[in-house]
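*Asks:* First the structure, then my questions, so here it is.
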Amino acid sequence: MSDRLTLLRPDDWHIHLRDGAVLPHTVADVARTFGRAIIMPNLVPPVRNAQQADAYRQRILAARPATSRFEPLMVLYLTDQTTPDDIRTAKASGFVYAAKLYPAGATTNSDSGVTSIDKIFPALEAMADVGMLLLVHGEVTRGEIDVFDREKVFIDEHLRRVVERFPSLKVVFEHITTGEAVQFVNEASANVAATITAHHLLYNRNHMLVGGIRPHFYCLPILKRNTHQTALLDAATSGSGKFFLGTDSAPHAQHAKENACGCAGCYTAYAAIELYAEAFEQRNALDKLEGFASLHGPAFYGLPANQDTITLVRDEWTAPASLPFGELTVIPLRAGETLRWRLEEHA
């Protein structure tokens, strides 16, 4: 077994960078490893049009480390009021690559999200026409639906209908967490793919709930039982081009996580590819990591793969106990614990 692993530089097809004073920290962490990233638009207020996307993009570019060539790929936030013209203008911009469906109330800053899928059908039709991807947070939000069942119910009630109604629309089912989601993506057309996070590959709900509640494992969609974790590992390491890397790295300040009503999100960008390497190594599938991390995503988006490389070294190191987050701190996933792979830094 080799102690070095060289990959084409990967991309992150789902990340939250937040905004304002934290950007120099979050952008530096993602740019350290990834060539490009799909930037989530759930700011306050959300990124609803091309003009707002461009302004956010400029703030991200301004926060890059001096020598970085990291490229943010922007996303529109779909609302009940999104028009076909909004979609066409965004597509014509050249820097908006997708639009994001957040069911209203499903996750952080989703209150402005879609209240009924039918209300965005004109926008979805325009997206299919111009070749803009639909990114989906796939959970229903009705109070009577158990939080562990919300992904499966979303597939049955909404996602099947969208895929059938718009067969030419490319759809990314984001941060999938269940065996049912894996099966849906595998059985769907070539226009349907999914991202998988490192934390859903490495952990299940026992890690969050057994022996005490561990708030830094709390995310949405929530960690599921170990049988679903196994299905995700099977999918990620299968070599199928339908599955690719999306960290859903989602920082919240320490006080907002360690709270009587803590926020959902795991901060993994500081060591994302290292965490994925651990998951793939558990399956003796390090040979499949480059496809998952560096090739499948660009192919689905119709973009070229990166041409430069990164190198991972089998070398244990201790994750920081905390990281700067503007004037506050964020507790990263695996804080203070040992990681088995290290990204080789080049002078």
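Backbone N, Cα and C define each Cβ position, glycine as well.
Computed from a predicted structure; not experimentally measured.
Found this in Swiss-Prot, in case it helps:
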BINDING   HIS14, HIS16, LYS100, ASP248  Zn(2+) 1 binding site
BINDING   HIS16, LEU17, ARG18, ASN42, HIS137, LEU220, HIS252, ALA264  substrate binding site
MOD_RES   LYS100  N6-carboxylysine
BINDING   LYS100, HIS137, HIS175  Zn(2+) 2 binding site
ACT_SITE  ASP248  active site
*Asks:* Fewest other CB within 10 angstroms, which one of the binding-site residues LEU17, LEU220, ALA264?
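*Replies:* Looking at the binding-site residues LEU17, LEU220, ALA264, the Cβ with the fewest others within 10 Å is that of ALA264.
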*Asks:* So which binding-site residues out of HIS14, HIS16, LYS100, HIS175, ASP248 end up within 10 angstroms of ALA264 (substrate binding site), measuring C-alpha to C-alpha?
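*Replies:* Checking Cα-Cα distances against ALA264 (substrate binding site), none of the binding-site residues falls within 10 Å.
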*Asks:* What is the total of other Cβ atoms whose distance to the Cβ of HIS175 (Zn(2+) 2 binding site) is within 10 Å?
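*Replies:* For HIS175 (Zn(2+) 2 binding site), the count of other Cβ atoms within 10 Å is 26.
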*Asks:* LEU220 (substrate binding site) to HIS16 (Zn(2+) 1 binding site): how many Å between their Cα atoms?
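*Replies:* Just about 13 Å between their Cα atoms.
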*Asks:* Here are the binding-site residues: HIS14, HIS16, ARG18, LYS100, ASP248. Which has the lowest count of other Cβ atoms within 10 Å?
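*Replies:* Each of the binding-site residues HIS14, HIS16, ARG18, LYS100, ASP248 was scored by Cβ atoms within 10 Å; lowest is ARG18.
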*Asks:* Starting from the Cα of ASN42 (substrate binding site), work out which of the binding-site residues (HIS14, HIS175, ASP248) are within 10 Å.
*Replies:* none
*Asks:* Identify, in sequence order, the residues in the chain of HIS252 (substrate binding site) that are 6 or more apart from it along the sequence and have a CB within less than 8 Å of its CB; answer 'none' if there are none.
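*Replies:* The list for HIS252 (substrate binding site) reads THR108, GLY262, CYS263, GLY265, TYR267, VAL330, given in order along the sequence.
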*Asks:* Beyond the listed site residues LYS100, HIS137, HIS175, identify every same-chain residue whose Cβ lies within 8 Å of the center of their Cβ atoms for the Zn(2+) 2 site.
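*Replies:* Other same-chain residues with Cβ inside the cutoff are HIS14, MET40, LEU101, TYR102, THR107, LEU135, VAL136, GLY138, GLU174, ASP248.
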*Asks:* Roughly how many angstrom lie between the C-alpha atoms of HIS137 (substrate binding site) and HIS175 (Zn(2+) 2 binding site)?
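*Replies:* Here the two Cα atoms are 8 Å apart.
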*Asks:* In the structure shown, with every protein chain counted, which of the binding-site residues ASN42, HIS137 has the densest set of Cβ atoms within 10 angstroms of its Cβ?
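*Replies:* The residue with the most neighbouring Cβ atoms within 10 Å is HIS137.
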*Asks:* Spatial neighbours of HIS175 (Zn(2+) 2 binding site) among the binding-site residues LEU17, ARG18, LYS100, defined as Cα within 10 A: which are they?
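*Replies:* Those close enough: none at all.
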*Asks:* Where does HIS175 (Zn(2+) 2 binding site) sit in the DSSP three-state scheme?
*Replies:* coil
*Asks:* How big is the Cα-to-Cα gap, in Å, between LYS100 (Zn(2+) 1 binding site) and LEU17 (substrate binding site)?
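*Replies:* The Cα atom of LYS100 (Zn(2+) 1 binding site) is 15 Å away from the Cα atom of LEU17 (substrate binding site).
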*Asks:* Around the recorded Zn(2+) 1 site, report the further residues of that chain (criterion: Cβ within 8 Å of the mean position of the Cβ atoms of HIS14, HIS16, LYS100, ASP248; site residues excluded), sequence-ordered.
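*Replies:* Output for this site, in sequence order: ILE15, ILE38, MET40, ASN42, LEU135, HIS137, GLU174, HIS175, GLY246, ALA250.
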*Asks:* Can you tell me the CA-to-CA distance separating ARG18 (substrate binding site) and ASP248 (Zn(2+) 1 binding site), as a whole number of Å?
*Replies:* 12
